Amino acid sequence: MVSLALNITRYIIIMGVYPIVGTCGIIANIINIIVYIRNGFSESVNVSLLGLAISDLLSLIFTVLFIVFINPRYMDSPDVHWIPIDFTVLILVYPRLAIAQFSCVITVYITVERCLCFVIPLRVKTLLTPKRSALVVLTIFVLALPNLALPYTAAKLDWRWDPYFNRTAIGLVMTRHDSSELLWINNMINLSLQLGSLLALVFSNVALALSVNRQAKWRAQTTATTSQLGQTPAPSRNTPNSVTTNRNKRLAKMIQFLSMIHFVTYFFSTSFYVVSLVLPGFRLYGRYHYEYLSCGTSAVVAQTLNSSINIVFYYRMNKSFRNTFNKMFRKRVVGVGIFITEHNAMNNTTT
């Protein structure tokens with residue numbers, strides 16, 4: 001009964017939540033990409049956020065494709081000569097995991113980048129140029145590729161015995177005598193990257209909050225001192241102006257929210273990795289097969305939500321994003337309104 005309930009819950013999530021949330025997230029991230037490209041790359045943070053949007057888009061595409069394989073019509077049919085869950089793992093799950101690690105590291109980099117804007121505000125523009133940020137994002141992506149290659153070195157799709165339907169079907173087959181060790185190393189790398197990213201997010205957000213508060217106190221003290229002397233604070237080459245400071249504060253607040261959502265949603269997958277490493281039988285074809293699939297499905301749901309809702313924070317907390325977004329869509333709304341008005345006017349004149 002427990003396995004049946006877990007199966008039904010998993011099917012509902014995969015057939016309902018994945019396509020709906022995933023499709024909305026794909027549309028949202030396409031909009032994010034277009035907006036950041038239109039905004040240009042005069043600031044390095046735009047390059048990093050564009051990289052994160054592309055990563056989220058790829059992750060969501062793989063998530064939506066789950067419905068192609070994890071379908072009750074295929075899963076429970078003895079006439080299908082391939083094992084859907086094995087195809088899903090090899091074709092969709094492993095690439096998606098690599099992209100998820102890429103998103104983790106990019107989020108950490110964005111947070112550290114904003115922190116540096118407060119710690120060394122004048123040097124950060126020469127230290128983190130848009131070209132250097134693009135190089136960092138590309139380097140992170142390239143470094144994620146070897147981890148993606150490990151599962152494909154250890155396993156492939158081939159004919160094997162399927163005990164569930166008592167038949168021979170195309171499924172996941174280990175290709176080496178040390179395949180189990182390679183997959184274990186892959187899980188350890190994924191766990192280490194996620195744990196390291198979550199810890200780095202905590203420390204960088206604490207540092208970012210302290211830097212913001214320190215700068216706010218300094219500006220308040222400077223303003224109080226100059227007002228007592230009856231002077232206006234003169235602009236200095238060693239301090240950022242108020243416009244830059246306010247923009248940095250808004251960006252810092254936005255990135256803190258993004259980091260918090262990222263931490264909460266990726267905590268599920270990190271816990272999933274920990275349990276799979278410490279609990280014997282908690283694996284795809286182990287003793288806790290159904291629990292493994294259900295927990296993995298829940299972790300993917302959390303990551304899908306994380307990849308889909310970024311546009312809300314961008315719009316509410318990033319002025320340049322909001323202005324570009326409004327220009328893009330208000331033109332279309334105004335154009336539709338003009339067309340409808342002209343069409344109604346023509347109808348009135350003809351009648």
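Using the three backbone atoms N, Cα and C, a Cβ is placed for every residue, glycine included.
Listed in TrEMBL for this protein:
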- 28-314: domain 'G-protein coupled receptors family 1 profile' (DOMAIN)
- 224-245: region 'Disordered' (REGION)
- 12-37: transmembrane segment (TRANSMEM)
- 49-70: transmembrane segment (TRANSMEM)
- 90-112: transmembrane segment (TRANSMEM)
- 133-154: transmembrane segment (TRANSMEM)
- 191-212: transmembrane segment (TRANSMEM)
- 257-279: transmembrane segment (TRANSMEM)
- 291-315: transmembrane segment (TRANSMEM)
Criterion met for the transmembrane segment (90-112) and the transmembrane segment (257-279) (at least three Cβ pairs under 8 Å): yes
PLDDT averaged over every residue in the domain 'G-protein coupled receptors family 1 profile' (28-314): 84
For the transmembrane segment (12-37), sequence-distant contacts whose Cβ falls under 8 Å of one of its Cβ atoms, 6 or more beyond its ends: 46, 49-50, 53-54, 56-57, 60-61, 63-64, 66-67, 70-72, 297-298, 300-301, 304-305, 307-311, 314, 321, 324-325, 328
Sequence-remote partners of the transmembrane segment (291-315) [C-beta within less than 8 Å, at least six residues beyond its ends]: 6, 9-10, 13-14, 17-18, 21-22, 24-25, 28-29, 31-32, 35, 49, 52-53, 56-57, 59-60, 63, 66, 85, 96, 100, 103, 254, 257-258, 261-262, 264-269, 271-272, 275-276, 282-284, 321-322, 325
